[in-house]
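Feature list (source: Swiss-Prot):
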type	residues	note
BINDING	40, 45, 51, 280	[4Fe-4S] cluster 1 binding site
BINDING	67, 71, 74	[4Fe-4S] cluster 2 binding site
DOMAIN	53-269	domain 'Radical SAM core'
């Protein structure tokens, strides 16, 4: 008789305090009124209440709400996507200006159905924010765009303040975790972005708790640094539903602190590491630190 897979109990340090105030309800109302999507909601981010209610920040998700991929860790809907909304860039920019955001993060579903991977709408969103909210710093978080570097150039030519592309997991687990992406393509994507705009900080994140080893996590650090990535984020994988990959381990906060110490010693300009850390967590602080380091090196 097959042994039943053991359930890993969620520890107390992952319990989240839900802050719901006027900021939270106001942001949610604004998103719905403008027909906008956020990865905060779609990916069930554990920090949504802190970011919306306390920090008043949000990560906009453009190119629709349906992804053409089906990564086994991600809660975003998958299937046949809708037509591109060419008015979306202006609505996002209007919301950024209305919210008076210091830092805006723009991510997107993967659009493998589009020849340009959605790069044109992505780029126009950056340009629209620059026009309507010129003092807002902008972080872009695209998919690998199928490895089409002309599409990446379209985005990098807008000169975002940070280019973020997540490698998500260690090399060994990549085929299981995100079957339609590759570890090496993500590394090349990050390297090419830096080659196109050497002064723009690049960033990548991984989730841990999927069965990786500490040595494999450190290997990811080395691989990112070898491809000139400046900023790294490390967070705990949380299973969005029973259909997704199970959590193999919950890392203690002390283990995250050790990983951050290792990453910083290796040479990252910034590393955010913790159980609830996600790619966009405290992104406004990261762009400031990266800018200071660039100025010091100039």
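Cβ from N, Cα, C; glycine included.
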Residue 280 ([4Fe-4S] cluster 1 binding site): secondary structure state under DSSP, collapsed to three categories: coil
For residue 280 ([4Fe-4S] cluster 1 binding site), the number of other Cβ atoms found within 10 Å of its own Cβ: 28
Segment-level pLDDT (mean, integer) for the domain 'Radical SAM core' (53-269): 88
